[in-house]
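Visitor: I grabbed these lines from TrEMBL:
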TRANSMEM  12-32  transmembrane segment
DOMAIN    14-299  domain 'Sugar phosphate transporter'
TRANSMEM  44-65  transmembrane segment
TRANSMEM  77-95  transmembrane segment
TRANSMEM  101-123  transmembrane segment
TRANSMEM  135-156  transmembrane segment
TRANSMEM  162-182  transmembrane segment
TRANSMEM  194-213  transmembrane segment
TRANSMEM  225-247  transmembrane segment
TRANSMEM  254-275  transmembrane segment
TRANSMEM  281-301  transmembrane segment
Amino acid sequence: MKMINSQLLLTYFYIFIYICLSSGVILFNKWVLSPKYFKFPFPITLTMIHMGFSGAVAILLVRVFKVVQPVKMTFQIYATCVIPISAFFASSLWFGNTAYLYISVAFIQMLKALMPVATFVMAVICGTDKLRCDLFLNMLLVSVGVVISSYGEIHFNVIGTVYQVTGIFAEALRLVLTQVLLQKKGLTLNPVTSLYYIAPCSFLFLFVPWYVLEKPEMDLSHIQFNFWIFFSNAVCALALNFVIFLVIGRTGAVTIRVAGVLKDWILIALSTIIFPESTITGLNIIGYGIALSGVVMYNYLKVKDVKASNPLPADALPVKDWKADKRSSDLYKGDSDISNIDGHKGLAASESVVDEEAPLLSSRVSYVGRGQMNNLSSR
């Protein structure tokens with residue numbers, strides 16, 4: 001009994017750390033980027049720091065310390081799968097981080113309720129999901145809620161809203177492309193190898209818009225570049241990836257979805273305290289409540305679909321021990337039996353667990369892009 005209680009306490013501790021880290025990374029990034037606080041209004045630069053740090057850590061773990069073995073990655077797979085996925089990944093981070101310059105954290109979290117809508121739309125367009133009446137009505141409910149919430153936003157900004165929504169759809173397209181491009185390849189990556197392949201490539205993609213848009217505006221004499229601020233920011237973002245992986249391993253999709261909803265409410269409340277300009281209205285809350293009800297129902301339907309196609313409960317499936325598995329066995333054959341690192345059959349992109357702050361690890365689609373972990377770098 002004591003062992004059961006200790007394991008339960010450890011699970012709750014992981015969930016608590018996940019909520020703290022995810023909320024902390026978002027608030028930390030907002031504070032760094034805001035022209036009112038740390039005054040470093042260069043979102044692409046911040047994202048590149050995250051990508052460079054995560055990539056460097058992954059290279060050390062794979063090449064130097066040999067924690068895991070790299071997968072059998074051919075040039076064809078890298079060129080046709082990893083590169084386009086990395087491009088959309090970089091785009092989603094770029095647009096998502098830029099939104100912090102224009103709109104509040106609370107409103108950004110409300111807009112993120114559109115993530116299931118964007119993923120569902122992209123999945124239907126790409127043919128990986130079917131247009132179902134029940135799911136369509138849920139998506140319509142979410143969209144109406146977000147529109148109401150936007151109408152009630154006091155400091156509504158068109159540019160910031162467009163950036164955030166564009167980032168959401170870029171992330172949704174990346175999720176779907178991960179499934180479309182890599183499902184038949186049978187490629188699955190663990191958290192370390194996900195960072196190893198995706199982060200450096202995304203860094204290179206971000207370099208082009210950084211050189212064109214931000215480099216000319218960067219006056220080094222007026223920039224506050226505190227090494228410890230950026231280092232701690234990158235460490236927190238990286239730590240979030242692995243905490244999400246641990247939470248998924250100990251609980252499963254349903255629990256982390258519930259924890260994510262709780263985190264969003266806590267984050268909205270905290271943001272109004274830490275950033276007084278982040279005022280929320282009654283219409284904001286009503287709209288977000290409507291959107292959230294649609295998201296909860298959507299999650300219920302998708303989990304129900306998964307349970308119907310899988311005899312084991314969604315939260316009772318074992319996690320593959322990626323630390324112990326040092327063989328080059330991450331390449332699996334076959335189209336119909338592609339396993340994720342947690343032992344699940346591959347889930348559709350629209351069924352993935354998404355934490356926007358940890359986009360490389362939080363998805364259950366682990367073919368490459370979200371390889372189990374969500375904000376490798378922030379969104």
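Just so you know, glycine gets a Cβ as well, placed from its N, Cα and C.
In terms of burial and nearby residues, how do these features look in this structure?
Guide: Away from its own ends, the transmembrane segment (12-32) comes close to residues 38, 40, 46, 97, 100, 105, 108-109, 229-230, 233, 236-237, 239-240, 243-244, 246-247, 250-251, 255-256, 259-260, 262-263, 266-267, 270-271, 274-275, 355, 357-358, 374-375, 378 of its chain (Cβ-Cβ under 8 Å, at least six residues beyond either end).
Panel annotation: around the transmembrane segment (44-65), residues 29, 32-33, 90, 93-94, 97-98, 192-193, 195-196, 199-200, 202-203, 206-207, 209-210, 213-214, 218, 230-231, 233-235, 237-238, 241, 360, 375-378 of the same chain, lying at least six beyond its termini, place a Cβ under 8 Å from a Cβ of the stretch.
Outside the transmembrane segment (101-123), and at least 6 residues removed from its termini, the chain residues within Cβ reach (under 8 Å) are 26-27, 30, 33-35, 41, 43, 129, 135, 138-139, 142-143, 145-146, 149-150, 153, 155-157, 159-161, 163-165, 168-169, 171-173, 175-176, 179, 264, 267-268, 271-272, 275, 277-280, 284, 287-288, 291-292, 294-295, 298-299, 348-350, 352, 354, 356.
Sequence-distant contacts of the transmembrane segment (254-275) (same chain, six or more residues past either end, CB-CB distance under 8 Å): 15, 18-19, 22-23, 26-27, 30-31, 34, 104-106, 109-110, 112, 244, 247-248, 288, 292, 295-296, 299, 303, 314-315, 353, 355, 362.
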